[in-house]
Amino acid sequence: MSTGKLLETLAGTRFPTPPIWLMRQAGRYLPEYRAVRADTGSFLDLCYTPDRAMEVTLQPVRRFGLDAAIIFSDILVVPDGLGQKVWFEEGEGPKLEPLTEPADFARLTRARLPEKLAPVYQAIRQTRSALAKGTALLGFAGAPFTLACYMIEGGGSRDFAKVKAWAYRHPDSFSLLIDLLVDAIVDHLVNQIDAGADAVQLFDTWAGLLPEEQLFSWSLEPMVRIAHAVHARHPKTPIIAFPRAIGPATLMYRRSDAFAALSIDTGIGAHWAARELQPHICLQGNLDPMMLVAGGVALEREATRILDKLGHGPFIFNLGHGVVPQTPPEHVAQLVEIVRNWKPSTS
Ligand code: CP3
């Protein structure tokens, strides 16, 4: 059993300073990542080569002494595991052969997912044994709605108009896709925990596209179902939910029956979050990733402001979204220093 600051924080222990890790902490901003990436075929080859996935997972932990590693993979391995064609085009992001009608997703199957994603689970096993006991290893998955966005759109999009048209016109068939994804995500998370992941995060990157009622049905409710099903197998494994860009609707996600923590994006005010969310649930977030690009005084001021507002309650320091490629690695080291040297004010 691994322990350490992050897991203990999720279990309710308070430390003088919060644990810290960063979404997308492995990636192109690190020269050592670019070296491994340049020497490996495609992005998915990197995800599916356990030695290399382990190496890039460990890089930011070695360099910065973060409290958690997050397994190097991608949310789109789930559609890949279901049999949808997924590839990454250099400089263009992910591409998928889009689902255009309900018959397209009748062809997707969970049967081969464990076998197809076995290299991810192998990477987790190896990484867990290479990591210090006090450093948590996080697994993750995309939430059903965000996966459906990429699967129907065939990649990223400015407005995700196709997925919305399908979901609003044909809610019954859209629900079937969401249900299939719930089952596949439960399999994927349980397999990651079986392999050694200490906690898992559900990324609902595009939740903010949905109006309130649909947000409930297609983001929150499926995420709660996933959490309950994962807990039926692994009752003690903490689940962190990240419903991005939903503003005050975050109030609905204070579900301590399902989630151990809520990851909040930069659009949520730290003061409001401390008052409305933190009394109910551990929070994670929410520094603007561009502050990490800026560095210097701007970074120091903003990180300290967040710590002063949220550092007194159950809290994990993180960004509001992922590290961007133009981030100078020295600024990450500066941020870790700021967080570790923070002194809670007594007022
Ligand atoms: O360090 C970590 O956080 C672990 C690895 C991780 C990646 N993707 C690696 C990656 C995680 C947790 C993800 C999640 C992910 N992937 C999300 C949810 C979080 C978010 O950012 O909103 C989403 C929407 C995706 C889908 C995805 N994968 C996109 C849109 C892109 C292209 C964007 C880009 O930065 O190029 C990817 C590719 C990707 N996933 C990269 C990395 C490091 C860049 C690929 C490269 O090396 O060129």
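The backbone N, Cα and C atoms fix where each Cβ goes, glycine too.
TrEMBL lists ARG24, GLN25, ALA26, GLY27, ARG28, ASP74, TYR150, HIS321 as substrate-binding residues, and of the candidates THR100, THR109, THR205 the one it assigns to that same site is THR205. A separation of roughly 12 Å, to the nearest angstrom, links the Cα atoms of TYR150 (substrate binding site) and ASP74 (site 'Transition state stabilizer').
Under 8 Å, Cβ to Cβ, and six or more positions away along its own chain, ARG28 (substrate binding site) finds ARG34, ARG37, PRO325. For the binding-site residues shown (ARG24, HIS321), fewest C-beta neighbours within 10 angstroms: ARG24. Taking a Cβ distance under 6 Å to any atom of ligand 1 as the criterion, the recorded positions ARG24, ALA26, ASP74, TYR150 reduce to ARG24, ALA26, ASP74.
Its own atom aside, the Cβ of TYR150 (substrate binding site) has 27 Cβ atoms within 10 angstroms in the protein chains shown.
Under 8 Å, Cβ to Cβ, and six or more positions away along its own chain, ASP74 (site 'Transition state stabilizer') finds PHE43, LEU44, CYS47, PRO94. In this structure, ALA26 (substrate binding site) belongs to neither helix nor strand by DSSP; it is coil.
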